[in-house]
Amino acid sequence: VNYIGMRAFCTFLGACIPPLGFLTVWEMTTSLAAASFASLLILCDVGILTLTQYILLDPILLFFVMGSTYGMARCHSGRNEPFSAQWWIWLIFTGIMIACAFSVKFVGLFVVLLVGLCTLAELWDILGDISRPVTYTVKHFMARVLCLIVLPVCLYISFFYIHLTVLNKSGNGDGFYSSGFQSQLQGNTLHNASMPRDVAYGAVVTLKIHRTGGGYLHSHWHLYPEGVGARQQQVTTYTHKDDNNRWVVKKYNKEVDKEDEVELVRHGDLIRLEHVVTRRNLHSHREPAPVTKKHYQVTGYGENGTGDANDVWMVQVVGGVEGDIVSTVTSKLRLVHFLQHCILTSSGKQLPKWAYEQQEVSCNPNLRDKNAIWNVEDNIFAKLPNVSFEVYAPGFLERLIESHAVMLQGNAGLKPKEGEVTSRPWQWPINYRGQFFSGSSHRIYLLGNPVIWWSNLVFLVLFLFVFLCNVIKHQRGYPSPPHIAVIEDKMVSSCGWLFLGWCLHYVPFWAMGRVLYFHHYFPALLYSSMLSGVLIGYVLEVLPLLLPERVAISVYHWLIGVIISAVGYSFYLFAPLAYGMSGPTASDPNSTMHGLRWMESWEF
């Protein structure tokens, strides 16, 4: 594997982020000071430096987020030359950037929303221009539909076509996908496999929950712990392939005899399922399930295939009628307990460590449970002829939809590893706690430059104050002097879009239930840094207009010197966090970093 090339690629994209920040703010404000300070704040943040020097998705995402924002700003600044060659180029560029941003991570959707809102605002202004015919608005609308919707969608689908074509090997996560999807993965047991089309009594089968990301019906020697229902053998679902996923299909009143004629399993049959490894039957009774207390417990019960009447299940083919044959993969099955009148289901809820954090299997008295549908994946039976598994292969669009469903489910269900440091959104803007990238003797710690981060927070609040004052002044009929009003309007417009970008990339995380990490804040950080740059530029432009010339020049240069010195020196102090620290930790008074531990929550 070419790790050097991969790391160089990520670092190159990271190095492009400050120039893109400069160009974006320049297009928004045409202020050299604002653009320079915005790029300086991005350049001197040790957190961005840390993220962009390793093989991660984050530098790629940050690059395309900045590229999308730059394209949006460039299109807006070129709005007076519509349908020119340059106008089309930048509109297409923006479409490509948002497609790439969303292709890297789902977080890219937030910059798609930002570009979409900016586009709607522009179309609204065009529609309000009564000097133009309606056809002019329609042309603008169609151009944006083509470049900002059709083009990104086509690119996104193309990326996934390449992705599914190139990444065609089997891996540990195969079990998250449907049986048909797995048949397309080289090295998977279902790839180029052949097995009986129909299920017969005596067959060894695996049963998979028929939903995206569902696992296999699984059991093992371990028992439910004391106090968790009956102390019988655990039954779970497990997302990885394993010998413990195998079950023998038996008649409810007769053991399997190799001399018997082949008899197929049909809709309405009463069966027992015997676990191959432990030789205990799938069983349920009126004890509460471990997690979903309104359901009944499902266990492995009996010895050498012999159990009791609570081992009997009725097979139902979804949409089937009496006598329909159960087929491999294609038949959607429901297993209804004969005595308890409940249905075998998997809630998807994770069991505690005593069950190795596998997923709960239970028996639901509500027979309409949507999670209670299964399909036979593996089917081993020597007496029936085999057919190729290729007949079950899904098309590209089916695989595209399924892969997204698996990604969304996996993303929503992410849980922290043991000992892993997670964080909450309130901690991010204040730089409350970082994240270790290396815990060895050479330590890397992801933490933002506190001078930049806390300044950004101040400037966000300052912008809201300035915006509110500006609105009140206009409402009361006290506009600023014309020479200041031009600068002020440009500042408010630019900061307004950057503030919206910050909100879109930060606020949604408050509603997310999945595990979150410090690095999720960095796309929002780019917008707050650019907003800070715009406000600094505004102050530097307005000061000379409000103060006597001699004083203004002195204050202007002093301000520039102080800001550059503070940002540059803070980068120098905290650079070891990105480049690596050794020796005692910062909590040790003898550490060279001890004086930089400005917050107790910083663990470097």
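Heads up, the Cβ atoms here are built off N, Cα and C, so glycines get one too.
Since this is a predicted model, take the numbers as computed values, not measurements.
According to TrEMBL, the features are:
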- 6-25: transmembrane segment (TRANSMEM)
- 32-56: transmembrane segment (TRANSMEM)
- 87-120: transmembrane segment (TRANSMEM)
- 141-162: transmembrane segment (TRANSMEM)
- 196-252: domain 'MIR' (DOMAIN)
- 262-318: domain 'MIR' (DOMAIN)
- 323-379: domain 'MIR' (DOMAIN)
- 451-472: transmembrane segment (TRANSMEM)
- 492-512: transmembrane segment (TRANSMEM)
- 524-543: transmembrane segment (TRANSMEM)
- 555-575: transmembrane segment (TRANSMEM)
Q) In the same chain, which residue numbers or ranges, 6 or more beyond the ends of the transmembrane segment (6-25), come under 8 angstroms Cβ to Cβ? A) 31, 34-36, 38-40, 42-43, 48-49, 51-56, 59-60, 62-63, 66-67, 69-70, 73, 494, 526, 529-530, 533-534, 537
(Q) Looking only at the domain 'MIR' (262-318), what is the model's average confidence as pLDDT? (A) 92
Q) Going by DSSP, how much of the domain 'MIR' (323-379) is helix, how much is strand and how much is coil, in residues? A) 3 helix, 27 strand, 27 coil
Q. Is the transmembrane segment (524-543) packed against any residues at least 6 beyond its ends, judged by a Cβ distance under 8 Å, and which are they?
A. 17, 21, 24-25, 28-29, 31-42, 45, 47-48, 62, 65-66, 69, 428-429, 448, 452-453, 455-457, 459-460, 462-463, 466, 484, 487-488, 491, 494-495, 498-499, 501-502, 505-506, 552, 555-556, 559-560, 563
